[in-house]
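Visitor: Not my notes, these are from TrEMBL:
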DOMAIN    1-178  domain 'Formyl transferase N-terminal'
BINDING   Gly11, Ser12, Asn13  N(1)-(5-phospho-beta-D-ribosyl)glycinamide binding site
BINDING   Lys61, Met86, Arg87, Leu88, Leu89, Asn103  (6R)-10-formyltetrahydrofolate binding site
ACT_SITE  His105  active site, proton donor
SITE      Asp141  site 'Raises pKa of active site His'
Amino acid sequence: MKIAIFASGSGSNFEALMEDSVIRPAVKLLVCDKPGARVLERADQFELPRFVFSASDFLNKASCEKVILEELLRYEVDFIVLAGYMRLLGETLLEAFPNRIINLHPSLLPLFPGKDAIGQALSARESVTGVTAHFVDAGMDTGAVIAQEKIEIVSCESKAQLEERIHQVEHRFYPAVVKKMMQKESKKRNEKSID
């Protein structure tokens, strides 16, 4: 499996993935839509090829994704892992990678999709939230769930405290999910080669 990680922000989940000795050799490309994003600094230590762009440089999403797709093909990527990528994917990438794009979301989907899921959970006075790994489809956080992990909300904690606890879980949870996906893919390929 050859993986591209897409990221837009600080890159803490990107770094957690890259620090895993099983995942790291499979990652062939970092795709980032924010030229000044901190993830690019974190990526320096891994000497990973990167494709950095600004969506405003393109006429529309399709033309932007066409260029991204060319980069993915150049690195022979066959699986995409979104790690804090804050842009909805369009038809071009979704059709090129059906059921081969996953995302991590800080809620127990289908609850609280979209932005500020942690704030939404606190506003709703939930006692439990969590993290979800899911396949990406055309909707916002609507793809099939791969795995979830619950996290208790402590009544006196702030949003920042809950965010920190969720990040700690994500940094363990997401690499485990990606490794499981890699194992499934490896098993499929082995079964095909036996046939």
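Quick reminder: no glycine exception, Cβ is built from N, Cα and C everywhere.
Can you tell me where each of these features sits in this structure?
Guide: A simple way to gauge crowding: the CB of Gly11 (N(1)-(5-phospho-beta-D-ribosyl)glycinamide binding site) has 23 other CB atoms within 10 angstroms, across all the protein chains here.
Leu88 ((6R)-10-formyltetrahydrofolate binding site) falls within neither a helix nor a strand when secondary structure is assigned with DSSP, and so counts as coil. Cβ environment of Leu88 ((6R)-10-formyltetrahydrofolate binding site): Met140 lie under 8 Å away, each six or more residues apart in the same chain.
According to DSSP, His105 (active site, proton donor) is assigned to a strand segment. Annotation for His105 (active site, proton donor): spatial neighbours Pro113, Ala117, Val131, Thr132, Ala133, His134, Asp141, criterion Cβ-Cβ under 8 Å with sequence separation of six or more.
The DSSP secondary structure for Asp141 (site 'Raises pKa of active site His') is coil.
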Visitor: Around the N(1)-(5-phospho-beta-D-ribosyl)glycinamide site recorded as Gly11, Ser12, Asn13, what other same-chain residues have a C-beta within 8 angstroms of the site's C-beta center?
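Guide: Surrounding the site, in chain order, are Ala7, Gly9, Ser10, Phe14, Glu15, Ala16, Val39, Arg42, Ala83, Gly84, His171.
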Visitor: Among the binding-site residues listed here (Lys61, Met86, Arg87, Leu89, Asn103), which has the Cα closest to the Cα of Gly11 (N(1)-(5-phospho-beta-D-ribosyl)glycinamide binding site)?
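Guide: Of the binding-site residues Lys61, Met86, Arg87, Leu89, Asn103, Met86 has its Cα closest to that of Gly11 (N(1)-(5-phospho-beta-D-ribosyl)glycinamide binding site).
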Visitor: Rounded to a whole angstrom, what is the C-alpha distance between Leu89 ((6R)-10-formyltetrahydrofolate binding site) and Asn13 (N(1)-(5-phospho-beta-D-ribosyl)glycinamide binding site)?
Guide: 19
Visitor: At the level of the C-alpha atoms, what whole-angstrom distance separates Met86 ((6R)-10-formyltetrahydrofolate binding site) and Ser12 (N(1)-(5-phospho-beta-D-ribosyl)glycinamide binding site)?
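Guide: Just about 14 Å between their Cα atoms.
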Visitor: Return the member of Lys61, Arg87, Asn103 nearest to Ser12 (N(1)-(5-phospho-beta-D-ribosyl)glycinamide binding site) in space, with distance defined Cα to Cα and candidates limited to these binding-site residues.
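Guide: Out of the listed candidates, the nearest Cα belongs to Asn103.
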Visitor: Which ones in the same chain are close to Asn13 (N(1)-(5-phospho-beta-D-ribosyl)glycinamide binding site), with CB under 8 Å and 6+ residues apart in sequence?
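Guide: Set apart from Asn13 (N(1)-(5-phospho-beta-D-ribosyl)glycinamide binding site) by at least 6 residues yet with Cβ under 8 Å, we have Ala7, Ala83, Gly84, Leu104, Glu170, His171, Tyr174.
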